[in-house]
Amino acid sequence: MQVQIMDHPLIQHKVTLMRMKETGSKDFRELLEEITMLMGYEITRDLTLEDVAIETPITKMTGKQISGKKLGIVPVLRAGLGMVQGMLNLIPTAKVGHVGLYRDPETLKPVEYYCKLPDVEDRDFIIVDPMLATGGSASAAITLLKERGIKHIKLMCLVAAPAGIDVINTDHPDVKIFVAALDEKLDEHGYIVPGLGDAGDRIFGTK
Ligand code: PRP
Ligand code: URA
């Protein structure tokens with residue numbers, strides 16, 4: 001199973017707060033943004049740098065800056081929206097695409113309803129979605145991006161089930177998966193156990 005679990009103590013602490021059923025939408029959203037920043041810091045570690053000539057108040061020097069096209073961030077609607085601001089706090093010039101998918105409650109298969117992406121040429125993308133359950137939604141989102149010519153994709157989730165990791169590893173072995181927590185299993189409705197419930201509902205206060 002190919003997955004990187006980002007279990008920094010701060011991340012583990014905050015995930016526990018998010019799991020608690022008494023945590024309300026305001027705190028849930030804030031914690032998700034904070035965890036996204038903590039994870040995003042590590043996930044962007046392999047960004048390439050180039051030299052840049054600058055002048056400090058004292059002297060000329062060669063500094064470093066991130067090279068190439070700015071990253072593309074793609075939240076899977078709706079719950080992925082809760083991770084966008086955390087990434088933009090780190091990379092304010094990133095471009096943001098959107099993929100709209102929901103899980104049919106009967107079949108648990110993803111249904112696509114929206115896709116709008118920035119210019120994709122030579123741009124690396126990070127797909128964000130808090131939950132990786134059966135893996136159907138994330139796999140479909142990755143396929144959509146690949147169909148548009150995107151070659152370098154990472155998947156960043158908060159809580160995953162082993163089944164979801166297996167699906168992504170099988171369907172898209174080239175895509176690295178980063179999660180804050182790998183849980184035990186799925187229940188009969190496709191919810192992650194112990195999980196944190198319905199991420200979209202908890203972010204937006206819906207039922
Ligand atoms: C949730 C979650 C993922 C998907 C994960 O979205 O945000 O996109 O389920 O499940 P899967 O791995 O089994 O596909 P949901 O379909 O509930 O839509 P929402 O974000 O609009 O609430
Ligand atoms: N989607 C969620 O929001 N939560 C789960 O546990 C599974 C899918």
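Even glycines carry a Cβ here, placed using N, Cα and C.
Automatic prediction, not curation, is the source of TrEMBL annotations.
Over in TrEMBL, the protein carries these features:
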DOMAIN    6-206  domain 'Phosphoribosyltransferase'
BINDING   R78, R103, D129, P130, M131, L132, A133, T134, G135, G136, S137, D198  5-phospho-alpha-D-ribose 1-diphosphate binding site
BINDING   I192, G197, D198, A199  uracil binding site
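Listed binding-site residues: A133, G135, S137, I192, G197, A199. Those with a CB atom under 6 Å from ligand 1: A133, G135, S137, A199. Distance noted between the C-alpha atoms of G197 (uracil binding site) and S137 (5-phospho-alpha-D-ribose 1-diphosphate binding site) is 16 Å.
Relative to R78 (5-phospho-alpha-D-ribose 1-diphosphate binding site), the binding-site residues with Cα atoms inside 10 Å are A199, the candidates having been I192, D198, A199. Residue pairs drawn from R78, R103, D129, P130, M131, L132, A133, T134, G135, G136, S137, D198, the listed 5-phospho-alpha-D-ribose 1-diphosphate binders, are separated by up to 17 Å at the Cα level.
Within 10 Å of the Cα of A199 (uracil binding site), the following binding-site residues from the list D129, M131, A133, G135, S137 place their own Cα: D129, M131. Checking the binding-site residues R78, D129, A133, G135, S137, D198 against ligand 2, the ones whose Cβ sits under 6 Å from it are A133, D198. Using a 10 Å Cα-Cα cut-off from D198 (uracil binding site), the binding-site residues that qualify among D129, M131, A133, G135, S137 are M131. Across the binding-site residues listed here (D129, D198), the residue whose Cβ sits among the most other Cβ atoms within 10 Å is D129.
Within the same chain, residues at least 6 positions away in sequence whose Cβ sits under 8 Å from that of S137 (5-phospho-alpha-D-ribose 1-diphosphate binding site) are V76, L101, Y102, R103, P110, D129. The Cβ centroid of I192, G197, D198, A199 marks the uracil site; residues of that chain outside this set whose Cβ lies within 8 Å of it are P130, M131, V159, Y191, G195, L196, G200, D201, R202, given in sequence order.
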